[in-house]
């Protein structure tokens, strides 16, 4: 039985994973179909679903919308999918304005906007609707303008909170102007009237300019139409300065070139100038009218015929959009994070086992394997979606460490079979996936790459290798943590286990040195290829070289006999501080990088992390008689030079 | 040599101390960038022997003293070389370590050489233009050119360090002497006519505004006009709230109420005038026009004058010089910029003297083209430009490509198709330079520069190539390969040894 237990438990998890695959069926509006509509946003093809999820992530930090946040989960609050929410924003903004989807935590921001600070009747004191913010939106704009003029490095919490909220509200306004004018009462009707009057209006305008008699009614109608469309375009014009361009929902008239996509406002303005109106305008207007009147049947029919219209010519866009929607739905990294947690628990329980439960250790290892598998699928899926190597930005570096560290952990587990590798792998993987989640709140994680980064060769070599360097340095560091925690607080660390740990750390540090060195130098060569300078002392480069120097220092200290096993393990923990700083700290200096929201929260997280590491280092240096593990007496004499005895000891 | 010194030089402890010093230096040199900027940090921390004083996270630490990048680098090289001389012996198990260290020496020495020998310049040209020179970044020269015949020019160039206010320049090749009347590190050269034009437009617009709100009975029609425009309507609502109106959703109705109340209407009109005036000034001073940058700077200057309550008249805009382009231009001195992304435009006003009398003054600036100075039958062209170095070949820009991703402002692709013509080698060939794909030719490397959005808007058909002369550019490539090979050898050697040992231990 025990022999099969690990496999059975793992299969249970596999079953759970398979259960996550099917997409829930839509009752009523074909939300899932709508989610898969192709659009162009942020310079890349994507589905409506991604627009919706990324918007909600920015506004409330979740990929779904809770319309009744004041209810506890047991009261079944109304939670809708991102696309369901987006459909309302796009096609029935007046109703969307009542949904509490802006999350505000800073008490002074609530004060500024005159919002309740505590939970009360139909409010949780954290989530607010546009209707609640709107009366004080001038005050918000004024504060945001002031805050934007403060240098990003000297903005305080309030400034940042105000800026974030303002950006979120701006994005919301943009969305409301994405498929129809936000103030439209019956857009299908209004669009029809505009198109009908278009020619007469243009003729009237021309006549008026040449002081001939003109049709006053037609002119005033087209003028007011143009003004409305122009104000839609205004959100895009203004967004340019904020690097927040509006989504393009109208596909090209002919062909399938990305350059042919248009914003609704843009297409309407062109139509007013006399060009043929984009074919998709009518479809969106029809869907909007059906949606507003709750006509499920016709909405689904119109949606279907729009998709059919796109089929053929825009098949690639449709397919890509469906793929990405499916990827969004799976949330593979979230699933893998959950599995990591179970792997970790199983491995920890194994350490405190009353009898030798090797099946539990194997279960932990199997689960971690499963977790790595899911992460790997996630990474490969992303690679397929964007046609890029695994690491393209900070977010994907986090997911990649969440892949690399447990792989190293599993290799260690294969050699030592004491569940240490599993613990280290699952902890790093879980933490990195949490970090990745927070990074995804910032912006579209599948973003397009600027010209200088647009090179798969360097992304695949330099970036991947440097990230592996980070991953392996973290693995060494967490091995050090296990030594200190278990050694100081429990009796688990025997002299022999200590030697094994030191050996693991030594081996990992060797590879970390190799990866971080090669990765860093490749980065320099890339810089030489694109700017003609190998090394420019910019923060990220410096972060990378510090890791190399640190690993080199650890190795030389070991070779020189300056540290023995315990010293090596404690030094490895310092490596965590060094790596965390290089990975994130360098982004927080406010040099050449937008430091909004998360980076601020990240700053405190980094401080806590470093503080914890320092505490562990201090504990690690306490005299051995204070440790609970019996390590006293087993010190220098038995300590051998490093495996392989690479470097001669100084005389 | 002294034995204890030798022992010290070859000691591993020294290596560790040096590595530790390096880590702290790099860390501090990174954090200090927030305060000092990258450029100064490079020079003060890394390209220097000793660092004195620093500012971290806003805290000044004048007492901070640390060895600089040069000291640590040289220390590491000496330590490595000495250790190698002492411990070198040929064996397979040591091969990896030896290789690694040789590679690191190559990297360190190569980097030092780069630091001392590298020269950075650039080439800026429009499509169809041919250039045979490169310009140093951040170095300027005052150039006097005379056309000798069709293909030849005589150039007298005065480098920037010699350009100081009050200085006199005499050169036997020049038919005149030059006295530097003014010299400034950064200044905007603005067309007087355009500023006047902008000033008139602004005054007219402000006048209309004044007229629109001159009496109470204009409030309601004005409100009717703007009721449908979201932006203006919001300004109205704000102002209406300011005079105590609570229900401002319907602007026209609210305006009617206020217009009927003499106590409020005057305040509302004044307030609206103030708001629209501020908006107008803001629009003028943030103006940027891709097609007519001169107009845009004129508008900025006009807005600046009007906001400060100063007049925009011919008298208040004195021409920068009596002759040349400067006769129609006025100078707006600006503080010199220090960061890496923007640059300063130096300017000078030259008093040209010949035969004992002044021929007038000329304004030169990088923003102006070269201007002719006629002395007798001779014409000398004067300009203030980047310091030039002439190449024995010429490069023609055939086509510049700048792409962004559809519907975004994210730059996608920058490339230049060029034609190299070299009379010595009789080469006449086309090639392409793009980001991450430089051209190496004649000891120089030409890199595609990614222009900023502003630069692109200003000059669409233009391309900038960064030109680097670095004789030691190959060192990092070789160093990296050698170190990587060394480490790989060493660690695999360990790993194989370790696995074999475990195998034997387990089977035993």
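The count begins at 1 with the first shown residue.
Just so you know, glycine gets a Cβ as well, placed from its N, Cα and C.
Remember, TrEMBL labels are computer predictions, not curated facts.
Check TrEMBL against the ranges A:311-331, A:332-352 and you find transmembrane segment recorded for A:332-352. Looking up the ranges A:606-627, A:628-649 in TrEMBL, the one annotated as transmembrane segment turns out to be A:606-627.
Range A:505-527 is the one annotated as transmembrane segment, of A:275-297, A:505-527 (source: TrEMBL). Across all of the domain 'Cytochrome c assembly protein' (A:392-594), the predicted model scores a mean pLDDT of 87. Listed by sequence, the residues of this chain that lie at least six past the ends of the transmembrane segment (A:364-386) yet keep a Cβ under 8 A from its Cβ atoms are 6-7, 9-10, 13-14, 17, 44, 320, 323-324, 327, 330, 332-333, 335-336, 339-340, 342-344, 346-347, 350, 392, 396, 399-400, 402-403, 406-407, 409-410, 413, 419, 421-422, 425-426, 429, 433, 446.
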